């Protein structure tokens, strides 16, 4: 099939790589978000999908808005049979959805209808789910509401960060997406409507939402930290210092919520149940470092609390 692929960040790369290698499909163009300015040097940076397409000589479309007449005209001229989508980063209007002959197939990193929305992997870890997966579904106007072609499942490990889990789902989801496109071409696959039960929503994780609440149980704090790692990153304030917090480990020691203990065994902070031991921290504007080294160097007042 003639394929136009839409995607932007690194988790979309395995899917595009598989489709480029596929002997059955021809990726004639990709759609990705416009180049961004990033870093201290304020350099213009191509999205991972745009960079991959460039390396293979594939046409790259970067509309500011998918309603632009020039974009609509070019997409129509490309005459795609199908358009797979993986984390593109913008909603597509109906006039765009209507262009491919077989529609758009979205790869979403949850077992729909669970965790519809922008941050399904983060939500699944934060909620303490044992299992998640990826769903390939036909894109429609609603938010992740279209009928599902197929799914793959993935167990959530006790130490998984969002980055760990998303990496595995990106790989297994890529294989699913290729299989679904093969089935669509063969006329051998049918999309099944999502059930009305089991719907949940995963809003985008803001920096404020990533702040650690020390009045919650240790297990919840641990899941929260892992769910927002690597980005936007869990954080807290201690005195007048804002710290990004890396992995934490629940312990058997008891401290009051936010209470701090610095001993040979580690840098501990209390929760509503047991204390957790901090592994790595990153003071704002500085490099990541061992949490115990930071705490010893900070010479914390006995009354200071994590907020």
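Yeah, the Cβs are placed from backbone N, Cα and C, and that goes for glycine too.
The feature (6S)-5,6,7,8-tetrahydrofolate binding site is assigned by Swiss-Prot to 110, 111, 112, 113, with sequence analysis given as support.
Feature annotations (Swiss-Prot) mapped to structure.
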residue : record                                     : contacts (Cβ under 8 Å, 6+ apart)
110     : (6S)-5,6,7,8-tetrahydrofolate binding site : 116, 120, 121, 123, 124, 132, 133, 134, 135, 202
111     : (6S)-5,6,7,8-tetrahydrofolate binding site : 131, 132, 133, 135, 151, 153
112     : (6S)-5,6,7,8-tetrahydrofolate binding site : 135, 137, 144, 148, 151, 194
113     : (6S)-5,6,7,8-tetrahydrofolate binding site : 144, 145, 194, 195, 197, 198, 199, 200
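Under the DSSP three-state reduction, residue 110 ((6S)-5,6,7,8-tetrahydrofolate binding site) is assigned to coil, being neither helix nor strand. Same-chain neighbours of the (6S)-5,6,7,8-tetrahydrofolate site beyond 110, 111, 112, 113, judged by a C-beta within 8 angstroms of the site's C-beta center, are, in sequence order, 108, 114, 115, 116, 120, 133, 135, 144, 148, 151, 194, 198.
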